[in-house]
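Chemist: Shown below is the structure under consideration.
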Amino acid sequence: MSCEVLALTEELINRQSVTPEDAGCQQLMAEYLAPLGFDIESMVFDDTTNMWARKGTGGPVFCFAGHTDVVPSGPAEKWTFPPFTATQHEGQLYGRGAADMKGSLAAMLVATKAFVTKHPEHSGSIAFLITSDEEGPFINGTTRVIDTLEARNEKMTWCLVGEPSSTTLIGDVVKNGRRGSLTGDITVKGVQGHVAYPHLAKNPIHLSAPAFAELAQTHWDSGNASFPPTSFQVSNINSGTGAGNVIPGDLSACFNFRFSTEVTDKQLIERVTTILDKYDFDYHIDWTFNGQPFLTDSGKLVEATQSAIKDVTGRETELSTAGGTSDGRFIAPTGAQVIELGPINATIHKIDENVNINDLAQLAKIYEGILQRLLA
């Protein structure tokens, strides 16, 4: 198992699938799954390649979800080894996507083969939902596949997303939920003028600063047992011509909420609008809703995952909702139980991204153990 998962991870890393490119990764996966009895369906939407593969027609349905695309490598000369040439060094496997998340994809394949070989007449169905649009704008990836599946009433019971959830040891953290995400792009209109004649101008920086201060100091909620309090962060502010003697005519800013299940996106929008309307300036906001918070608090999937990790590693796992968003936010609203479990995330998106080779073999065994507990 360890040799096979390593070889597959290397093959995937060597395919330069910078988002939204798939670079043949899904074809490799399809060729691996087809002999195991999977029906393969390619769903191409614009520049994005997706794969829905399924073995079985009945329920319950266990789905592995993941992505073949990776973020750009950055300057290749800053890497110790070429970013798109998988390289083994001192027990680690280096390459872009090693941890996020080609190692997980390889482990899913090997685990599935091992399980199906032992249990050819397993109950229910096993599925794979794979996209090349997770690291990009997430418009034509998982969300479009889910729309297609929902239209034909094809449901998942359980879904394991292979995002790198572990922090210091494989399986030490499992994501059983994620916060929601809401982005606002605001434009504040002023009147440009000379700094020596402020009475003839309207400075959008001065006009909006008190409002931004109030937004930053607002207590949105207290969180709950599963989620921290909702966070508001301004990520960008731009205004001015660059000249020291010109009052700017407008201001643009971007801010983001990461919110708990204690509030909704509509409630946040209403509260922001109420605060801004207290101040006398002209503004416009374009809202981008990135996903609702979701939580898989308990159930067979969480229990099977905790048990499999304990069996393979001997350790208890921590359930967490911390961190950014994932494609789990598109899957959870269908009613599926969703968790995320993958390699250590310390080097993801960084120069010299790498994964521990032994961890890959353990991850495959954990994945197989989850299948064993749910579908054997």
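Yeah, the Cβs are placed from backbone N, Cα and C, and that goes for glycine too.
What you see is a predicted model, and the numbers here were worked out from it, not measured in a lab.
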Chemist: With H67, E163 listed by Swiss-Prot as Zn(2+) 1-binding, which of these, D100, D221, D250, D265, is given for the same site?
Modeler: D100
Chemist: Excluding D100, E135, H349 themselves, which residues in that chain have a Cβ inside 8 Å of the centre of the Cβ atoms defining the Zn(2+) 2 site?
Modeler: V70, V71, G97, M101, I348
Chemist: Within 8 Å of the Cβ centre of H67, D100, E163, which other residues of the chain have their Cβ, at the recorded Zn(2+) 1 site?
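Modeler: Leaving out the recorded residues gives G66, M101, S104, E134, E135, V161, G162, P164, S326, G342, I348.
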Chemist: Would you mind sorting out which of H67, D69, E163 (the recorded positions) have a C-alpha within 10 A of the one on E135 (Zn(2+) 2 binding site)?
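Modeler: Those near E135 (Zn(2+) 2 binding site) - Cα within 10 Å - are H67, D69, in sequence order.
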Chemist: Measuring Cα to Cα, how many Å separate D100 (Zn(2+) 1 binding site) from D69 (active site)?
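Modeler: Per the Cα atoms, D100 (Zn(2+) 1 binding site) and D69 (active site) stand 9 Å apart.
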Chemist: Please compare the binding-site residues E135, E163 by how many other CB atoms fall within 10 Å of each one's CB, and tell me which has the fewest.
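Modeler: Each of the binding-site residues E135, E163 was scored by Cβ atoms within 10 Å; lowest is E135.
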